[in-house]
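Here is what Swiss-Prot records for this protein:
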| type | residues | note |
| --- | --- | --- |
| BINDING | R66, V67, V68, L69, L70, K71, R87, K88, Q110, Q145, S146, W190, R200 | FMN binding site |
| BINDING | K71, Y128, R132, S136, R196, L197, H198 | substrate binding site |
Amino acid sequence: MIDFFEGVSWLIMPFSGVCVREADSSPMDVFGLWYSEMLRATGAHMREPSAMVLATCDVQNRPSARVVLLKKYGEAGFEFVTNFNSRKGREIADNPQVALVFDWRHIGRQVRVEGLATLMDASESDAYHASRSRESKISAWCSQQSAVLESRKLLLEQFERERQRFDGQEIPRPGHWGGVRVVPHVVEFWEDGAHRLHSRKQYSRGDSGSWSCVDLYP
């Protein structure tokens, strides 16, 4: 048996002591700071630095998780795009309570989010669609995301048919594809610390919409 934990103490980064400033009244301000610092530390070495884990749950309380790409963040929430007929799309329709995780282990940080997923309005989804490459627009039409695929050949044939159908035309957004916004009600910031004495600060949104922040034991 391989011991993956043997001799990995060099991976543990020392606690910087700057996890979250008391003056930060909104977790989105902290997230923006951390996201910028992550990008600076990452440079060109990480593929898809905007990747985040999205966890959903079906009506029988069976969870599922997958990696999606963060498209935008702000006070309104965290945004991504998807096929509404996919497993995650169906589960969000049945149970909009979701969770996100940003795993930035290369800088010793993690952000965990709990929130309510809502579909973005048509104009916002249209804007995301317009920003995509032509090939990505075609793939949104031909992919029956999460459905059983008989063969890779069939998918490529469907892509080619859609490509020919829209040849020389603007490609409209399919109704089954669009944006989702996760409106957070809990955001937790975790930072690695020496001797496993990590820093955890959790923001919670009250009924009035204001945020409160507490420290959690690591």
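Using N, Cα and C of the backbone, Cβ positions are placed for all residues, glycine too.
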Just the number: how many Å between the Cα atoms of H198 (substrate binding site) and R66 (FMN binding site)?
26
Please name which of the binding-site residues listed here, V68, R87, Q110, S146, is nearest in space to R196 (substrate binding site), Cα against Cα.
Q110
If you compare CA-to-CA distances from R200 (FMN binding site) to each of the binding-site residues K71, Y128, R132, S136, which comes out shortest?
K71
Report the member of R66, R196 (the binding-site residues) whose C-beta atom has the most other C-beta atoms within 10 angstroms.
R66
Farthest-apart CA atoms of K71, Y128, R132, S136, R196, L197, H198, residues recorded for substrate, distance in Å:
44
How far apart, in angstrom, are the most distant Cα atoms among the FMN-binding residues R66, V67, V68, L69, L70, K71, R87, K88, Q110, Q145, S146, W190, R200?
36
Counting across all protein chains shown, how many other Cβ atoms sit within 10 Å of the Cβ of H198 (substrate binding site)?
19
Tell me the Cα distance separating L70 (FMN binding site) from Y128 (substrate binding site), rounded to the nearest angstrom.
12
For K71 (substrate binding site), which residues in the same chain are close in space, meaning a Cβ under 8 Å from its Cβ, but six or more apart along the sequence?
S50, E79, F80, V81, Y128, G179
Cβ distance under 8 Å to R132 (substrate binding site), same chain, sequence separation 6 or more: which residues?
A140
DSSP three-state assignment (helix, strand or coil) for R132 (substrate binding site):
coil
Measure from the CA atom of S136 (substrate binding site) to the CA atom of S146 (FMN binding site) and give the result in Å, rounded to a whole number.
17
Three-state secondary structure of L197 (substrate binding site) from DSSP?
coil
Inter-residue Cα distance where the pair is S136 (substrate binding site) and V68 (FMN binding site), in Å:
15
